[in-house]
Amino acid sequence: MSDFVTIAFTPLEEARSAARRPAAAGGTETLVVFVGADLRPAAAVAEILGAASASLAAGAAAAAFKGKAKTALDLLAPPGLGFGRLLVVGTEAKPGAAPDGTEMVSLGGFVMGKLRDGAKATVVLDLPGGTTPQAAADFAQGLQLRAYRFDRYKTKKKDDEEKREPAAVTLAVADVAAVRERAAASAGVADGVELARTLVNEPPNVLYPVEFARRAAELSRLGVEVEILDIPALERLKMGALLGVGQGSAHESRVVVMRWNGGGGGRPPVAFVGKGVTFDTGGISIKGAAGMEDMKGDMAGAACVVGLMHALAARKAKVDAVGVIGLVENMPDGKAQRPGDIVTSMSGQTIEIINTDAEGRLVLADALWYVQERFKPRFMIDLATLTGAILVALASEHAGLFSNDDELAERLGAAGRATGEKVWRLPLTPNYDKLIDSKFADMKNTGGRHAGSITAAQFLQRFTNDTPWVHLDIAGTGMGAPSDDVNQSWGSGWGVRLLDRLVADHYEG
Ligand code: BES
Ligand code: MN
Ligand code: ZN
C-alpha cells in the first residue's frame, strides 16, 4: 500500500465510455495512451480516442513527437474526449513485440513522473506490442516505485505547493481479474522496496540498532516470525567480532532473525544476511568529515533483507526463508575497539583489527557463521555496503558479486537482467586470500591498498563453512545512485526485487 499513489483497475470498455462522456469545463483528469514507433496506437486505444486521433496526429506533427521510448506528448485533450489532458507516451513497441518486464516497470515509472500529486489519471494499458496481465502488473509496480518519496521530516511547504495528496491512477486493462491477482503480488514487492528505502533514508539518530530491530519486528503483522537477540544473547553465542564493532557506541547492538515459513518445511531454508551498521564513523580509524552523513546508509544491506522478507510474506511466497541482520553503530569512544585488538569470532577464528573502519566484515563474519550453523540453509546471500572500492570498480551500475557457487551466481546474474538490478561477478582465489593472513591472529580485517572489495569478500568466505554463498557489495547501488524512472530516492531499496525474483524463479514450490 503506497502512500503516494492509489492504483485501481477497470476494463478497457470503461475507459471507452469515460472517453465518450463530455469533460466538464476545465476537466483535469488525464487520459494516458501509448503509441508505437509509427505513432500508431493499439486498436483498442484508437477506438477509445475516436475522433481525437486526428488531434493526436496534428499535435505530434507540431511538437515533432516521433513516439520514441521515454518521450511523451502532452496535449490539452480535444473537446468531447471526456478528459482534460491527453498524455501520449512513446514506446517504440512493434506489433507482436511487447516490452519485457523491466521495460514495463520503467514505463510505469516514466508515466508516474508525468503526473502530479493529487492527479487523477486513466491509463489505457493496451500497447501496440500487446499487454499481458503480468506486463500490466509490472507497469503498476513502476508507478508505485516512482511515486515513493521520503519527506517525513519536511515540515514547511512552499505556498504554491499543492497539498500532497496521492495520485489516483486507474489502469484500463483487458482482463481485470488476471491483472489484479498479479498486481497484488507486484505491489507486495514494491511495498518491500519502499520499506527498504525508508530504512536507508532515516537519519541515524532515529534509526539506531534497537529502533531498527523494532521496525523489523513489525513484519510479524505479515506472519514473519521475528526474534531479537540482545547483548547477553550475543555474548552467549560468542559473537566477539560483531560485539567488538558496537562496543564504542551508546546504542546497544542487536541481531534480528526473521523467518518466513511459506514453504512447508520440507527443505532447508534459503537465507539472506544483511550488514546493518546504522552509522559508520569509521570508529577510532575515523573517516574524514566530507560526506560522512552518507554513512547513515551503511545499513542498506540489512534494509534490503527486511524489505525482501516483507515482499516474500506479502505475496505469500511458497518458500522457507530466513533473514538475519547484524545491527551495530560504529563509533569512536573510550570503550571503542582499537587497531591492534584481536577479537574471537563466533566461529572460533581470531581476527586482528588493523582498521576499525573495516567493520562491516566483522559484523557479517558472525552473522554468516550463525546462519550456516543454526539453519544449514540451501544457500546464503549476504548484502553489504562493504567497500568504497566497489564504487571505484563498478560505480552504481552493478553491485559486486562474489561467490563460491557458479550456479547461484549465474541465477543471480539472470535475476539481475530480469529486474534491472544488475550484478557483476569478481574473483575469489587463494592468492587474494593470503593478503588477509595476520602476523598475530588467524587473519586481519584488511588487506592492502589493492583489490579492496575482493579481500573483503575473501574475509567473509572464511566464515561460510563452504555453504553455497554469494556476497553482494552494494556500496554503490544501495544509496546515492543516480535517479531513474523507478527510483528518485537516495536510499534505493536495491536488491529487494532482485532477490524476490531469484526466489520466485528457482526456489518456490
Ligand atoms: N561502509 C564503508 C564502505 C562504504 C564506502 C559504503 C562508501 C558506502 C560508500 C565500510 O565500512 C568502509 O569503511 N570500508 C573501508 C574499508 C577499508 C578500511 C579497508 C573502505 O572502503 O574504505
Ligand atoms: Mn567502515
Ligand atoms: Zn561500513
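Every residue, even glycine, has its Cβ placed from backbone N, Cα and C.
Marked as Mn(2+) 2 binding site by TrEMBL: Lys275, Asp280, Asp298, Glu359. The feature Mn(2+) 1 binding site is assigned by TrEMBL to Asp280, Asp357, Glu359. The active site annotation in TrEMBL covers Lys287, Arg361. Positions annotated as domain 'Cytosol aminopeptidase' by TrEMBL: 355-362.
Feature map: annotations from TrEMBL on the structure.
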residue: Lys275; record: Mn(2+) 2 binding site; CB count, 10 Å: 33
residue: Asp280; record: Mn(2+) 2 binding site; CB count, 10 Å: 26
residue: Lys287; record: active site; CB count, 10 Å: 17
residue: Asp298; record: Mn(2+) 2 binding site; CB count, 10 Å: 28
residue: Asp357; record: Mn(2+) 1 binding site; CB count, 10 Å: 20
residue: Glu359; record: Mn(2+) 2 binding site; CB count, 10 Å: 29
residue: Arg361; record: active site; CB count, 10 Å: 29
Enumerate in sequence order the recorded positions Lys275, Asp280, Lys287, Asp298, Asp357, Arg361 whose Cβ-atom distance to ligand 3 is under 6 angstroms.
-> Asp280, Asp298
Relative to the Cα of Lys287 (active site), which of the recorded positions Lys275, Asp298, Asp357, Arg361 has the closest Cα?
-> Asp357
Arg361 (active site) to Lys275 (Mn(2+) 2 binding site), Cα to Cα, whole Å, comes out at 8
Listed in sequence order, the binding-site residues from Lys275, Asp357, Glu359 whose CB sits under 6 Å from ligand 2 are Asp357, Glu359
Out of Lys275, Asp280, Lys287, Asp298, Asp357, which recorded positions lie by ligand 1, with a C-beta less than 6 Å from some atom of it?
-> Asp280, Asp298, Asp357
What's the CA-CA gap between Asp357 (Mn(2+) 1 binding site) and Lys275 (Mn(2+) 2 binding site) in angstrom, rounded?
-> 14
Other residues, Cβ within 8 Å of Lys275, Asp280, Asp298, Glu359 Cβ centroid (Mn(2+) 2 site) | Val245, Gly276, Val277, Met295, Met299, Val328, Asn330, Gly360, Val363, Ala384, Thr385, Leu386
Hey, for the Mn(2+) 1 site built from Asp280, Asp357, Glu359, who else sits with CB inside 8 A of the CB center?
-> Val245, Val277, Thr281, Gly282, Gly283, Ser285, Lys287, Met295, Asp298, Asn330, Thr356, Ala358, Gly360
For the domain 'Cytosol aminopeptidase' (355-362), what are the DSSP-based totals of helix, strand and coil residues?
-> 3 helix, 0 strand, 5 coil
